[in-house]
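One structure is given below, encoded as structure tokens.
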Amino acid sequence: MKKNGDGSSPKSPDGVVSRSARSSFRALSNCLKVISSGASTVARSAVSAASSAVESHHDQVLWAGFDNLQKEDGDTRRVLLLAFKSGFQVWDVEDTENVHVIVSAHDGQAFFMQMLLNPINSGVLDDRFYKSRPLLAVCGDYSSKKISSDNPGSETVATPTNVYVYSLKSQSYVHTLKFRATIYSVRCCSRIVAVLQAAQIDCFDAATLEMDYRIVTNSIVCGSLGVGYGPLAVGPRWIAYSGSRIATSSSAIFTSEIVSLSTSSPSVAQFARDSSKQLASGIANLGDKGYRSLTKYCSEVLPNPYIPGLKGIGVGNEKVADAESIGMVIVKDITNKSVITQFKAHKSPISALCFDQSGLLLVTASIQGHNINVFRIMPTISTSRAVKTTTFAHLFRLQRGFTNAVIQDICFSKDSNLIVVGSSRGTSHLFEINPEKEGDAPVPMSAISRIRSGNSSGWIGTVSGAASAAAGMVAGSVPGTVTSTFCYCDEKSNNNYYGSVADMCSKTNLLVFAPSGCMTQYALREHQVGVGHETAAMTGFDSESGLETEGKLAVDPIRRWSMIQNQSRRETHDPHSDIYGGGTSVDSKSKVFPEVVRKQSVEEAWKVSKKGTTRVVDKRHLYIYEAEQQQTHLPTQLPLWARRKFRFQELVLNRGEEISGGGGREMEIEGIQTRTIEARTRDLVPVWGYLQSPRSQQVINESIQSPSTTTQDDKVATLEGHGTETDLGAVHSEEQTQSEPVDKEGIAEEKNHSEDEDEEQVD
């Protein structure tokens, strides 16, 4: 017992030490220890998630985009451009049967790239780079800026201020364009190469890459949502950007921002939409509080790097634009620099502009990313002084969702009937429009399908989101870039893996590259009558946008390619292949082979045995490894599957009567029989010569007494001269196996064992 300073023991007023008081203090001490341990565990989890985010940033794909590689004869091939911290890659994805890398350079960080088209007057005399084409514009990292921070370990972060022109023919750099300001995007056509900076656009001649003219724009808004796709679009003849309204233009000004669904009284759908918007806003506000708390902690252990498409580089022009110029879009002619039209597309600053292949449809998006507007550009041809008509038309309002997101990618189909919009949340939204639509009022459209690239949820997702927010990314965003493009397959090709060609194969496919480094091919087809639960699965409530997916178009995954997983990026280039896809050998290291994603029907998933019962063709083993590796635990702790109370149970699927009677009907999981997979340990013994030793008889006797659960699905593997080994890991001798009673099909009968023997087993 502890004593006071004078040597006396602490006592209660009546002279007796209170035993309950000591118990209370002990309980309080234990409670504080538990709270402290839990807090330290949370802190270690946050630090681990933050550190893993920094370490994986070096190997991940920082930027990705699909583009067209133009050949000398004018034909084009579809390529995938990947930017890494160590360099860049160019993949040929025109033929999905022969996806391979054609360029792999590792000479410095690449932020984003753009294939340069051949100029209109391409020739030996007019084209300065005639012998070096095709060309690739690479924005490099050879200039750096100091990021101001209170942290003592703040680092210099590279920013792209130079455009390096890379020749795919000679595999070398042939030209360099240097700028003083930060570069945000590069767009080109057969006439010019436009480089977007903080407050201006420099236009270069496509043949000589010499400075042609400059356009003053609105300042790039570099908030927490970043820049995204970029407020610059270059079509075959026109260039679109965000700038101040030009007073000399007689173009009409588009001022309507809120479009009513109908002129009559508000409907139930509109009321539900408004209520969902308020609910989503409240949930977002509650979530921001938790993110801010974790972000404050994670910011102490994370640097502040630039992440392409998510975090703005440097500081743009500090000049604040007037309210009238915010959200203003100006379309000019590339040749004569005249204004075609100008209109106010959004109330917020513009973050994304994109033309379709014809150059007549223009897609706009703001920094919030809630709605995407589609306009038709209609230039006036008449030179008379009569009253001019409107030079543009607002056709559609594509509703992405209520939450803020960065628009990273916009893609049109050949006929411009389909539009895919990729956001920083890892979701590709597919919209269907009618380009020939007539009318004055824009039509609100919801996504007919959404393709999610996957993100973490729960506590791990919260910690990862806070770590990403501390690194400068948007809360809830996925590191990297989501990009997509349309491809068109022939019905006679081998791209159909999951059904008959007449019913399932579609000419229109979609290639989607996810931040994880995988490219997936999806088949687009209309829903057929009578497909049952597959049609119902396409209709549901989207938790991200709060909108209901209509499910008019089925999006089925066909194949998947892993571009960077389990391979060295420095050893993937094939020296025998050319830039146009020829010469690639079958066993070339530069080629990646797809993983077939096949959707089995009910009839294919079940096979009828000789006795009339049904069972799954291939015995699938489900493991918890993929779920467990996402959790952060101490090395001294046991994994989840190794704990004493954890059990593996196998589903005994023997439902022949239901399958034969109902086909694809639902079944209750409570009615499915299960069988526990028992685990037990034994001492390691040598295999060779062990059964002939004197101790072998004792082990054999112990094996006879040990329980076994051999059934029809348990396979028996024969050991050469030493007995058999079952799936449960118990080794039996040949004499023991022959002495066991065997039924008509040659399968050993299951033996009964007592409860005492069960208690001796080790979990």
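Each residue, glycine too, has its Cβ placed from N, Cα and C.
The feature repeat 'WD 1' is assigned by Swiss-Prot to 345-385. The average per-residue pLDDT of the prediction over the repeat 'WD 1' (345-385) is 88, rounded to a whole number.
Taken from Swiss-Prot, the feature repeat 'WD 2' applies to 402-441.
Feature annotation from Swiss-Prot assigns region 'Disordered' to 701-763.
Summarising the annotation, Swiss-Prot assigns compositional bias 'Polar residues' to 701-711.
Positions annotated as compositional bias 'Basic and acidic residues' by Swiss-Prot: 712-725 (among others).
Among the features that Swiss-Prot reports, compositional bias 'Basic and acidic residues' is placed at 741-754 (among others).
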Task = Would you mind splitting the repeat 'WD 2' (402-441) into helix, strand and coil residue counts from DSSP?
result = 0 helix, 18 strand, 22 coil
For the repeat 'WD 1' (345-385), the number of residues DSSP places in helix, strand and coil = 0 helix, 19 strand, 22 coil
